[in-house]
Each structure stands twice: as structure tokens, then as C-alpha cells.
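Okay, so here's the structure we're looking at.
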Amino acid sequence: MRLLTHNMLSSNIKGVTDGFPLKIEAGKVVEKEVDMNTDFLKNIFTKIEWKPFVEAAKTLGYSELPEDVDPSLLDSQDFLTKFHHALLEIHLEEGALVCPETGRKFPVSKGIPNMLLHEDEV
Amino acid sequence: MAARPELLAPPEIFYDQSEARKYTSSSRIIDIQAKLSERALELLALPDDGVPRLLLDIGCGSGLSGETLSESGHQWIGLDISEAMLDVAVEREVDGDLLHADMGQGLGFRPGVIDGAISISAVQWLCNADKSSHEPRLRLKAFFGSLYRSLARGARAVLQLYPQNIAQRELIFNYAMRAGFGGGVVVDYPHSTKSRKEYLVLNCGPPSLSAAVPNAKGEDGMSCSDDEENHTVTVSDRNRPRKKRKLDKTNGGKDWVIQKKEQMRRKGAAVPADTKYTARKRKSRF
């Protein structure tokens, strides 16, 4: 699972009002290189919640991202490269996602988070 | 026709390892899936500006449909309930991210972040109650409600599905409308039993001119590419050309009658002897 997905996911348990962001318990982290697409980065930038994104990247061992951002940074090649790397190239292979309200763990194995809920959580 | 898989077992059990394997080994299944997802992507009508979007693939299975999305350059997140299918997807090293989730429990995404959603042959599974805790109506409601929330305004969802009957189609469509979606059903090749495909094209947000339901294929005389089942029958074509009666000059006449009598004699039938009256023309006053 990439941080792109993590930034979109929120806990879906019944009764939870603010299930975002899910905390990450990092086990195994891998990096896979992919081609950079500036258009996509500019498009997705407006949708990313930056603070949780930086936090998540730190948990996975990448702390190059600036704490504060504004859209003007999108013209900087240096920033785009870092943004791209954190968003699309770092994968959480093994570990868990933790619901911020209930503390319920969603295990991640082989890069796939198991988001299935128990019957009493629906 | 094979039984509908929905009636055999719940999806997480039906799509076991051997079933999942088919989705990588059978070129026919791969071909069909690719065609369906290409068409779904076409119906999604994303702006033609070359900017990759973040799409959702609901019931992604082994990632065959996601492959089509990747080929068009989009980023995607796929979710499926069958672990065996997801394992195959991991093996195939698909580009998108995968989630092991149940669409009937609602999709856990932040509001308004997804640019479009496709689903290939998955939504009809929601109409089945596979566990005692399953209530199809609640599951449809949870699914469409959460889908509506997670889509950006103006985004589309294209769900290809095989409803079992009219009641099921109405049920699914009803819940989509109740969640706030606009849109309709696009039926490709409506006259063909084999290539007939239904797509639920849903628009998120207020109806606009661009939100009109797109045209179906094969409705206005466009023929299927691979099989020619789809020719419309024009009125003049409706009557089959009659077999022309043979205008054979050989029957009739004295020689012919004598030959026939000879034939019958050989068969042992009682045939009057040949005389000067045999096959004689009658007078016109008769």
C-alpha cells in the first residue's frame, strides 16, 4: 500500500465520526521506482491532507518532506521529486493500520490492508 | 448456460484459488474483462486532458480491469473481498493499490477524493444475502451511500453488472438514485443474448448537460465486431425469398408417363398396360 492510498483511507467502523488518518504501524517497508508524472502530482496535490501525509511518511522512515506547503511549491522540481517519492514509491508491505478512535487494528500483509469489518462493526 | 456464480457460494468462497487461477490462464476471460473495462473507462468520460486521475476499481479481482486503467496512465485503488483473487493480483504485480474489503460494508474513503469509479461484474453480488447478518438492502444502501460520498463532485461511476432479473435491476438502480446519484443504464447490444452488456452510469452531483447518459453500442445498427448477431431486420428483408418452383419441362408428356409406369411395375405395383390411350391429350371440351 502506498501513501497515496493511506491518505484517502479512513476508518469505516460504525459510530466512528472521524476515522482519518489511520495510524500506521510499520513492519516491512519497500521502495519501488515508478515514473514521475507532474500532471498527476499537481492534480492530486489539492486532495492530499498534508499533515497526516508528512506524519505517515515519517513513520515509514522518510522525513524529507516540508512541514508546511503551498501550491507555489509545485513549480519546484526538487519538491515534486520528494512528493512523488513519498506518494507513490514507498510501499507498506507488512504492518497494520490503526483506527484513531477505536484503536482497532487493520492488518496489512503482502501490501494489502485487510479492511473487512466484523459483523458488530457494520 | 452455466449457473450464476452468485447462486453457488459467497464471493469470498466462490473465487477460491482454482477459480482465481482461471483469471490469469484463460485468455477468453482476460479478453472479455479487458473489453468490459475499456468500455467502462470510455463511459467514465474523463476529461480529455491527459492528466492521470485517481480511480477506484470495485471488485478488482486479479487486477485485470485495473490493468486497463494503468495502460491509460491512471492511478487506481482496487478492492475485492476474495483473498485468492487479490493474491493473484499481487503475483501479477499490478500497478494499483489493493484493499481487502467488502463493498457491502461501505467504502472507507475520505469524502470527495476519488475522480471516478469502475466496477466490472461485481455489484450484482450485493443482492445476495450470504450470511445471516446480510441484508441486501442495507448493503446496497451502504455501498452507494459511501460511493457517493467518496466521489468528487461531477465524477462518474460506471458499474457493469449482470442483474438476474428486472426486480434486481430495479432494486440496484433504486438504491443508487436514493444515494443521490443521477444517471441511467446503458445497454450495449440489447438485441444480442451473448454480447448484451449493462452498464449503470452514475453521475455524482447536480445534473448538467454533460451528464447526459451516453449512447449504447449496437442500438442504431452498429454491428458487433466479432459476431454478426446484431443486424437489424428491415421490412423488405423480413420475408424469406421463396424457393422458386422448378419449371422442369421433363415431367408430363407420354415418354415421362411410360417411364413412371415402368418404374412402378418394377416395384411390383399393379399398373395398367400401356395402350394407345396412355397419356393421350384430352379434348378441350372435357
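From the backbone N, Cα and C atoms, a Cβ is placed for every residue, glycine too.
Since this is a predicted model, take the numbers as computed values, not measurements.
According to TrEMBL:
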| type | residues | note |
| --- | --- | --- |
| COMPBIAS | B:248-262 | compositional bias 'Basic and acidic residues' |
| DOMAIN | B:56-132 | domain 'Methyltransferase type 11' |
| DOMAIN | B:202-283 | domain '18S rRNA (guanine(1575)-N(7))-methyltransferase Bud23 C-terminal' |
| REGION | B:213-286 | region 'Disordered' |
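The list of residues near the compositional bias 'Basic and acidic residues' (B:248-262) in space but at least 6 beyond its ends in sequence, with Cβ under 8 angstroms from a Cβ of it, reads 271-272, 274, 278-280.
Per-residue pLDDT, averaged across the domain '18S rRNA (guanine(1575)-N(7))-methyltransferase Bud23 C-terminal' (B:202-283), gives 70.
Shown for the domain 'Methyltransferase type 11' (B:56-132): DSSP residue counts in helix, strand and coil, namely 25 helix, 21 strand, 31 coil.
Secondary structure of the compositional bias 'Basic and acidic residues' (B:248-262) per DSSP, as helix, strand and coil residue counts: 9 helix, 0 strand, 6 coil.
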